[in-house]
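Student: Before we start, here is the structure in question, set down as structure tokens.
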Amino acid sequence: MRQGKISALIHNSAQHPDLEYCEVEVHFQEVMDQPDGPSVVVPDSGLVVSRRAFKNNSSKYYIDGRASDYTAVTALLRGRGIDLDHKRFLILQGEVESISQMKPKASGEHDDGLLEYLEDIIGTSKYKTPIEEAAAETETLNDVCLEKSNRVQHVEKEKNGLADKKNKAIAYINDENELASKQSALYQLYVAECGDNIQVTEEAVGQMQGQLDEELQKHGGSEEEIKRLEKQYKTGSKEYEKLENDTKGILKEMAKLDKETVKFEEKKKFLTNKQKKLDKTFDSSKFGIQESETLAKNAQDDVARLTGEIEELEAEMAKEEQELNKIRDSLKGKTQGFSDEIAAKQKQLEPWNAKISEKQSSIAVAQSELDILRERENAGATAVAEMETKIAGLEEQRDTKVEELGECKKQRKVAEKEAVSLQKEIEQHAAQEPALKSKLSNSRQKADEAHASLSATQSQGNVLSGLTRLKESGRIDGFHGRLGNLGAIDQKYDVAISTACPSLNNLVVDTVEVGQQCIEYLRKNNLGRANFILLDRLPQRDLSSIETPENVPRLFDLVKSKHDRFRPAFYSVLQNTLVAKDLDQANRIAYGAKRWRVVTLDGQLIDKSGTMSGGGTKVAKGGMSSKLSSDVTREQVAKMEVDRDALEKEYAELQERQRELQGQLSELQAKIPQLETQAQKLSLEVESIERNIADSRKHVQELSAEARPEKEDKTKIAGLEKNIAKMQKEVEKLQAETAGIEEEVAELQEKIMEVGGVQLRLQKGKVDGLKEQIDTLNENMSAAEVAKAKAEKQKSKHESALADAEKELEKVVRDLGKVEEDVQNQSKDTSGFRKQAEEAEQALEEKKEQLQALKTDLDALIEELNETRGVEVEMRNKLEENQKVLLDNQKRLKYWQEKLSKLTLQNVSEEGEEKEPEPMPELSRDELEDLNKEDLKASIASLEERTTSSQHIELSVLAEYRRRVTEHATRLADLTTALTARDTAKKRTDDLRRLRLEGFMEGFSLISLRLKEMYQMITMGGNAELELVDSLDPFSEGILFSVMPPKKSWKNIGNLSGGEKTLSSLALVFALHHYKPTPLYVMDEIDAALDFRNVSIVAAYIKERTKNAQFIVISLRNNMFELASRLVGVYKVNHMTKSVTVENRDYIVPRHQLQQQQQQPGTVQPSPSQQQPPAQTG
């Protein structure tokens, strides 16, 4: 549209001042071309496409009256063969002229040359974008391949550096493998020997077992019974073991519950013991009372009995004395004198005898009383001694328990202290772990970054050193090296310029050609990539100083250039970047009235856009040093890797130590409760013993108090002892005084006896015997009276003790009842377990008795059988000996087999690739027989000595070497993958270029051929052709349109006259129509620049081409439109455009001929309706 607004197309005149819209309709039909007549319209093939424009500058599209849109309309027309992309159906006068003015190739991206014009029509322009993308991808993949190649070389270098250590390690492992082989041979010898021994022994055992079986057949019944009992005993033993394990489990649970009740049990035990003691005291006192009562009663009975006996004896003695007196009276004459003397002597003795009797009686009473007092004193001392012995035993027991308790507490305290210490250590390790882990992570990251940085630096260094060598060799001139090396700056601004200008690593060259040579050299030698600054292409700038905010320096002014010629290069990368002291000053300057690019001394950068970068813990530096340097050297990288490995080892040791400490802490935490329980039990036992000791001491005090004689008793004992001694002396004195009289009486009596004879002697003996009996009974009666008094005193003592014991016993019974109630309450939960334990123990005991009975029966049968089978016993002994030998050989065989199974060959290849350990080779019998055991032992000793002396060899280098080999293989695989991807991309690029070239050349050849034909036909003798400026690469320089008008020489189309340019352009347009025809053409005054002759030629050609296309030609030349089938004239009436159509009847086909042609087959071509204008005049 030529109008700026679509609403300007709406008609506006006096008659129609306010139309709402305007509309244009284009009618299409499909037609069938006839070979020798006009075309025939295909029925119902009409198509109307219209566009309606409204006052609001909007428009709508319609297809057959139905609303549609631009996309649908264009898709429909493209589907019908109309080229809407290049609009070749529309041929304007300006377009014809533009063809003649086209350059061979467009000079800019948005311009069109003849090459682009033809390539769009041919259709190969679709390859341009994919080719560019594929080429860019190939270039990127080239860079990737270069990087991966450098990595492969680096890893290969590291791998080769480990080769020497690897070879030593492999030699050491080969020695170990040889040692394992020798040991394997020796062990196989031992295994073979054991196998032979086993075979021989098994044969002997088999023979003996056969002989034994024959012997056993003689006693089959007993043997079967023994087997049955053995089987039963074995089954019972297993059941017993199961019962025993179950019982142990139940008892273990009981032990846990008993731990809770041990306190109550100990208290109950104490109270029970006290109760027993009190019961014993109570029973003893009660028995003492009964005994005292019995003794008193017996003594009373003895007194009564003895009194009766004395009375009887006295009566009998009186009778016998009368009889004696009679005998004496019968002998009075003979013995009167003696009797009178005796009577006189006895009368003389009576006072003395009375005194002696009185004294002896007093002595007996005093002695009895003294015995009672001494017995009481001795009984108390004995009881005290017994209690002291008991107390000593309790104290010894207490000391043992206290020592055990102290040791238990000490162990618990030590365990608790160790647990606290372990817990602290665990917490310390746990606190250290995050820091150590972070430190390890940072170390790993630093080592990796340093390694990558070193690799990148080496890559850049390779570029610079390679180009420097090229310059020094004289093969290149104009290369100046790295930009940062062409100037100097104060160390103060090192971080600032390194941060603000990463382009300091760019390389400086004089011209584009030098830069291209450098790039070609880098690509050829695969040295890497580089950016170049071209001094001849840098614009001229004013490099003088400028005014800056706060008079801060401009970074460019601080650089001392090696030569003034390099100053534009420095300015091109630094521009007007300013340097601030700190970020505050940088913010003030950067965001002032004028925006500045500012960098601080510590490397913080603010761009004009306001974005901030730089800073951090690691800043850029060294950008303008005398040589290219990296942040890290190879030695620093090695040290970082060593530090990283040390931290990894330290971290692994820390984790292992944590696991070890946690295990120890768990053991201590399980041990402490056990020690607490044991200490509690021991403490209760100590308390119980202490109470027993206290009670015993109290009892000792009571006994001591009881046994301690009272002051009165002591005085009484002393008085009695003194009186007894005194009275004994007095008795002895009286007896001494009466001794002579008694001797005289005895002599007189003897004389009487001699006179009286036997009768008198007998009678006198009877009387004396009765008298002695009476004296004895009197003594017994005195003793009985003393015993009675003693029993009564003992009874009083026992009654008092009984009352105290009964009172104390009542208190103990109350306390014991309470404790038993507590124990009973505590024992309710344990009753089930206790019952189970009792049942289990009972079952265990029953099972044990059953097993014992079975064992007894079995032993009895075996003994009985052995007694009858001495041969069998001997055979059994031999069999057992052989079985023992067999078992010993089997154990030895198992031992050597196990040692043999542990031997493996470490299969390590020369490349250091570790494989699965190879099993030891198995030697045949013949090979084993050829071996010498002593030689093997000597070889093994030598190899062991060799391997022991080589233990300093680092076997870990194999893992590192394998890691390097794996890494090298990985890097190589990555490189191969990258190369494959690059080759694929390159092949794709080449294929796309080949397709483009082949497609273009194919279309180009056809178009050039048709052009030649068209031009020759139009000019009737001229010649025209399309030529490639570069025949090898048509897309590099473009296409020339060369024309040779009739009777003239070859010229470029740009050098032709206006008419010749038009004819040439039309010839190309018609050639393009032949190459890619379209059903519809619109030509706007293409004949304006042609003379009459050329117009007629073009008109004749168009007339000829209407056989397979429709041409709508706008022309003012009569020799053009007179050849049209239909003329449409456009004119203006009353400010409105009108048109009139004139049929050129010379070319109208009669209707009957048209009907006949419709019956014949033909081709279908889309065409406007029957009222389509072939030409237009205005």
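Backbone N, Cα and C define each Cβ position, glycine as well.
Just so you know, TrEMBL annotations are computer predictions that nobody has curated.
Keep in mind that this is a model prediction, so the values were computed, not measured.
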Student: Out of 227-248, 821-842, let me know the one TrEMBL marks region 'Disordered'.
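Tutor: My reading of TrEMBL: the region 'Disordered' range is 821-842.
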Student: In TrEMBL, which of 428-458, 676-706, 707-737 is tagged region 'Disordered'?
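Tutor: Among 428-458, 676-706, 707-737, the range TrEMBL annotates as region 'Disordered' is 428-458.
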Student: Select from 257-277, 320-340, 614-634 the stretch of residues annotated by TrEMBL as region 'Disordered'.
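Tutor: When 257-277, 320-340, 614-634 are checked in TrEMBL, region 'Disordered' belongs to 614-634.
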Student: Could you break down the residues of the compositional bias 'Basic and acidic residues' (831-842) into DSSP helix, strand and coil, giving a count for each?
Tutor: 12 helix, 0 strand, 0 coil
Student: Is it possible to list how many residues within the domain 'SMC hinge' (477-590) are helical, extended or coil according to DSSP?
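Tutor: Residue counts in helix, strand and coil order: 61 helix, 18 strand, 35 coil.
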Student: Quick one: average pLDDT across the coiled coil (212-330), no decimals.
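Tutor: Average per-residue pLDDT within the coiled coil (212-330): 75.
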